[in-house]
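Okay, so here's the structure we're looking at.
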Amino acid sequence: MSHPSATPPTEPHVMPTYARVPIMLSHGRGCRVWDVDGREYLDALAGIAVNTLGHAHPRLVKALQEQVGRLIHVSNYYHHPWTEPLAAALCERSGLDNVFFCSSGLEANEAALKLARKFGHDKGIARPEIVVYERAFHGRSIATLSATGNPKVQAGFEPLVDGFIRVPINDLEALRRATAGNPNVVAVFFEAIQGEGGVHPLDADYIAGVRALCDAHDWLLMIDEVQCGMGRTGKWFAHQWANIRPDVMPLAKGLGSGVPVGAVVAGPRAARLFQPGNHGTTFGGNPLAMRAGLETIRIMEDEGLLANAATQGEHLLTQLWAELHGLPGVREVRGKGLMIGIELDRPCGDLVLRCARAGLLLSVTAERVIRLVPPLILSRAEADEIIAKLVPQVRAFLDETHA
Ligand SMILES: *Cc1c(COP(=O)(O)O)cnc(C)c1O
């Protein structure tokens with residue numbers, strides 16, 4: 001098979017932390033990107049659920065250009081006009097109280113873990129413990145890696161941080177058993193839909209059950225919405241399908257539509273835990289990032305992107321199921337809104353390059369789950385194009401390989 005790019009890119013001066021797809025991307029527009037050789041790709045990955053508004057959205061570009069020419073960064077020593085409006089916008093849409101801003105998902109989760117420990121210490125618990133989940137992914141710092149439920153990404157970085165109790169998803173009884181009589185538990189921490197772990201949604205009933213348990217025991221309910229939040233499932237935040245509110249909610253990925261922005265949103269029980277000096281980060285809350293987040297939210301509302309994510313997601317899920325179910329090798333098609341996983345019975349990382357050659361960008365996570373997290377501006381025609389490009393690749397791959 002020929003290389004998708006005329007000149008395979010090499011980066012001898014870059015640490016080889018990623019086995020990149022051999023494509024050198026040049027520019028994008030909407031849900032499409034082009035490589036330096038002029039080949040066009042439909043982007044069903046969106047920078048891993050980051051490019052909410054697709055590429056080069058004219059309104060976002062205009063706002064960012066204006067901001068770059070005005071102020072990019074001033075540090076947290078001073079006020080600037082964009083922090084409070086974005087914080088207020090997030091509080092309004094989540095029903096929570098206040099926000100700490102940072103620049104990435106792991107940073108948001110790290111802040112959540114610190115909030116939980118502070119919550120415990122303020123109650124006189126010297127060695128607080130936090131419940132986390134099998135197959136969870138919370139980031140690559142030492143603490144968030146320790147909270148992550150994937151031994152593969154932990155290997156080589158021990159000793160891990162302790163103070164975590166691990167349970168399976170969607171099993172309230174297991175959670176009760178794992179915490180029974182333990183006075184050191186301070187929080188329960190999960191993704192409303194596990195992303196990197198293979199697109200596994202937590203049941204609405206389960207989430208509501210954990211909320212009740214947290215209330216009964218005075219634990220913080222902390223929901224990592226870094227990937228599934230910001231409108232991707234058709235509601236602002238995926239936990240809203242369960243009609244509950246968390247106490248702590250980390251956000252990042254889609255929040256700035258490509259500009260690095262992270263945030264931890266806190267409800268009444270966690271909003272006053274951090275006091276001056278307790279936490280901070282240099283880049284957090286800078287004017288460029290705040291402007292990106294605020295403009296992204298405004299555009300999402302003006303363009304009805306929550307409803308669009310729900311509609312196109314439903315269409316994709318139904319059609320993909322119709323095309324793929326019954327094929328030997330296809331286990332499940334699942335997800336919510338524009339966060340969809342197709343689980344096969346075998347490792348299928350090769351599909352990433354096969355699909356790229358067919359003009360479709362996507363990822364494979366947890367070895368055997370094809371993940372679609374396209375921009376929320378995806379049109380019906382583009383959804384159909386994803387199906388038309390993906391299904392023949394899956395069929396051919398299953399024909400040529402064995403479980
Ligand atoms: C991507 C992701 C993270 C980590 O975010 P980074 O910005 O890569 O640090 C944390 N939690 C979830 C659920 C994620 O999907």
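Any Cβ shown, glycine's included, is placed from N, Cα and C.
What you are looking at is a predicted structure, and each value in this text was computed from that prediction instead of being measured.
Record features, source TrEMBL:
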BINDING   F137, D224, E225, V226, Q227, T282  pyridoxal 5'-phosphate binding site
BINDING   R140, T281  N(2)-acetyl-L-ornithine binding site
MOD_RES   K253  N6-(pyridoxal phosphate)lysine
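You'll find the Cα of T281 (N(2)-acetyl-L-ornithine binding site) roughly 18 Å from the Cα of the residue listed as 'N6-(pyridoxal phosphate)lysine'. Ligand 1 lies under 6 Å from the Cβ of D224, V226, out of the binding-site residues D224, V226, T282. Figure note: comparing Cβ neighbours within 10 Å for the binding-site residues Q227, T282, the maximum is reached by Q227. You'll find the Cα of T282 (pyridoxal 5'-phosphate binding site) roughly 19 Å from the Cα of K253 (N6-(pyridoxal phosphate)lysine). Listed recorded positions: R140, K253. The one with the lowest count of other Cβ atoms within 10 Å of its Cβ is R140. Sequence-distant neighbours of E225 (pyridoxal 5'-phosphate binding site) (same chain, 6+ apart, CB under 8 A from its CB) are E191, A192, F237, A238, H239, M249, P250, L251. K253 (N6-(pyridoxal phosphate)lysine) and Q227 (pyridoxal 5'-phosphate binding site) are 6 Å apart (CA-CA, integer value). DSSP assigns K253 (N6-(pyridoxal phosphate)lysine) to a helical segment in the three-state reduction.
The record assigns F137, D224, E225, V226, Q227, T282 to the pyridoxal 5'-phosphate binding site, and the maximum Cα to Cα distance across that set is 25 Å.
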